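K.L.:
This is the structure I have questions about; it appears just below.
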Amino acid sequence: RVTLRRHRSLRKSLRDRGQLSHFWKAHKLDMVQYSEDCAAFSEVNEPLVNYLDMEYFGQISIGTPPQNFTVIFDTGSSNLWVPSVYCVSKACTQHSKFQPSQSSTYQVVGTPFSIHYGTGSLTGVIGSDQVVVEGLTVNNQQFAESVSEPGKAFLDAEFDGILGLAYPSLAVDGITPVFDNMMAQNLVELPMFSVYMSANPQSSVGGELLFGGFDPSRFIGTLNWVPVTQQGYWQIQLDNVQVGGTVAFCANGCQAIVDTGTSLITGPTKDIKELQNQIGATSVDGEYAVECSNLNAMPDVTFTINGLPYTLNAQAYTLEETSDGMTFCLSGFQGMDIAPPAGPLWILGDVFIRQFYSVFDRGNNRVGLAPAVP
């Protein structure tokens, strides 16, 4: 069991410092207009804009003796990377850095590594060492040591690196992902892991990631198992999206991914614009806001998956935030166009996972979903 901590999001920090709209402009993107260029989402692309909202982190260690890192456990990518002691970017000065010379179990691999994000690319070199995740020791795990990190994106981030939990086909440089090594080294009882994210910002435990099984005390009723349609992301079929009980989007079915590494729920820009309209959200300074006093009157949004309804009420799909003593409510939906061949895709991120406990079953290539215990 890995305890996940829930942090203030970087977007909140930037807003409090009055730097958010400057950040949007500097990177030529915002929540309203955001759409990736056509090169996006090739094998090595991840949209970085969502990292502004990353809130759930856990601890791992690498090397002997252990060097500790705070990472995002990300089901939307498949590589592990942490900053290297040789990193030249300003972003690295704020974070824990891996020192290969201090680890007796480190082995040089030396392959160059590069992963492209919406706001720049992260480059580095591959090494191999033991990685410890909450008592599970994974031997000979290849990971990337970043030597250059993009722009200001990682500068204020409260995490050091990312641990990818998607399928091997998504891994840059063909590196075996951490969970695949856990399975191969018989470290887990069952070939699955599950994620619980607390919806209560005041709760001491932000959430929990369980390797090797699932915890029935974290959800209500039984799991609904949904087949993975393509083994890259944790991709599933979405039957339709309803607003206020009426089918509004994806009427003939579409594809979605369950992604712990995306904070919001995203869909094609055209659909999300219309959805924001239907829930009464208006664009304010690069974001979509709603009147907090209207939450009770706003429609439910339902994702039909494998014939079953997954319904989010307005409290679930909005984020209440306080800045300068003012409370306001932001829409938890964001437009993002993911170009073919990967897209179009809806992304069911943390806003969805907070409401629905999610089990990622590699043994049967399926995702299990059930209402999370509040």
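The backbone N, Cα and C atoms fix where each Cβ goes, and this holds for glycine too.
Summarising the annotation, TrEMBL assigns domain 'Peptidase A1' to 56-370. Sequence annotations record features per position, and here TrEMBL assigns active site to Asp74, Asp259. Residues annotated as disulfide bond in TrEMBL: Cys87-Cys92, Cys250-Cys254, Cys292-Cys329.
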K.L.:
Count, for each of the disulfide-bonded residues Cys92, Cys254, the other C-beta atoms lying within 10 angstroms of its own C-beta, and report the residue with the smallest count.
P.N.:
Cys254
K.L.:
About how far apart, in whole Å, are the alpha carbons (Cα) of Cys250 (disulfide bond) and Asp259 (active site)?
P.N.:
19
K.L.:
Any idea what the Cα distance is from Asp74 (active site) over to Asp259 (active site), rounded to a whole Å?
P.N.:
7
K.L.:
List the Cα distance (Å, whole number) between Cys87 (disulfide bond) and Asp259 (active site).
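P.N.:
On Cα coordinates alone, these residues lie 28 Å apart.
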K.L.:
Measuring Cα to Cα, tell me the gap between Cys254 (disulfide bond) and Cys92 (disulfide bond) in whole angstrom.
P.N.:
39
K.L.:
Distance check, please: Cα of Cys292 (disulfide bond) against Cα of Cys92 (disulfide bond), rounded to an integer number of angstrom.
P.N.:
38
K.L.:
Among the active-site residues listed here (Asp74, Asp259), identify the one with the smallest other-Cβ count within 10 Å.
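P.N.:
Among the active-site residues Asp74, Asp259, the lowest count of other Cβ atoms within 10 Å belongs to Asp74.
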K.L.:
Which number gives the other C-beta atoms within 10 angstroms of the C-beta of Cys250 (disulfide bond), all protein chains shown included?
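P.N.:
Excluding its own Cβ, Cys250 (disulfide bond) sees 22 Cβ atoms within 10 Å.
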K.L.:
How does the model score the domain 'Peptidase A1' (56-370) in terms of mean pLDDT?
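P.N.:
Mean pLDDT, the domain 'Peptidase A1' (56-370): 92.
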K.L.:
Could you give the Cα-Cα distance between Cys92 (disulfide bond) and Cys329 (disulfide bond), in whole Å?
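P.N.:
The Cα atom of Cys92 (disulfide bond) is 33 Å away from the Cα atom of Cys329 (disulfide bond).
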K.L.:
Cys87 (disulfide bond) has how many other Cβ neighbours within 10 Å of its own Cβ?
P.N.:
20
